[in-house]
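Student: Pasting in a structure now, in structure tokens, and then I'll have a few things to ask.
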């Protein structure tokens, strides 16, 4: 009887439980169709809004980076008249190859920083500096070919030193640091490299003020430098990357100073020189 009682008791309780669940479900004040109808209306726009903003944000970031790449290309080809003259005369004359050595090292370090396994999401930094490294290597090679023996030995030694230093930086960053420390290490080197490149425009600014002439500061080159620095400053701000926007912010300020000096002294000087003297890149 006890087993029968327990069995019959279970049979009695189970229907009550199912009935209670059915009662709760049936007492829901919002019908299924009504709930679907109301849930479909407001939510998709809320989900689409961040996506739309993100798309615009990404498009603006890419536009700034691509603009910077184009303007940097203008600067990369600016020394071509100098090297056409070297090729024509088969001599480096009084030209110095040091700016191109420094620019090559700068491009290699910034290229390394822009690689996805170092700093994800800033591939346009890698593209512009890869192109710049090729140009600088070609310029240095031409300079070595046509330089006299002392300059040839000096430039060859510096070129080997640049590649040796880059290999050391790449090895240390990959073998001895984790991803975050690696990015910080290479980022600091890229900032230091870019800031050191500002010695060239600072020298030009000093020369313009001293001579009260813009002969050695071509307007198109100054404008391109300013716009390129501004483009990469904006790109760095969009990417929230201080290793990009800090040095290029400094470059933007120096570019503004150059343009102001050009405007001030252009009326007092003769025709501006077309010889490219600025060799700093983002």
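Cβ coordinates are placed from backbone N, Cα and C, and glycine is handled just like the others.
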Student: Of the ranges 32-54, 216-238, which one does TrEMBL list as transmembrane segment?
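Tutor: Matching range for transmembrane segment: 216-238.
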Student: Looking at 56-77, 184-204, 244-265, which one has the highest count of Cβ pairs under 8 angstroms to the transmembrane segment (153-172)?
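Tutor: By the under-8 Å Cβ criterion, the transmembrane segment (153-172) pairs most with 184-204.
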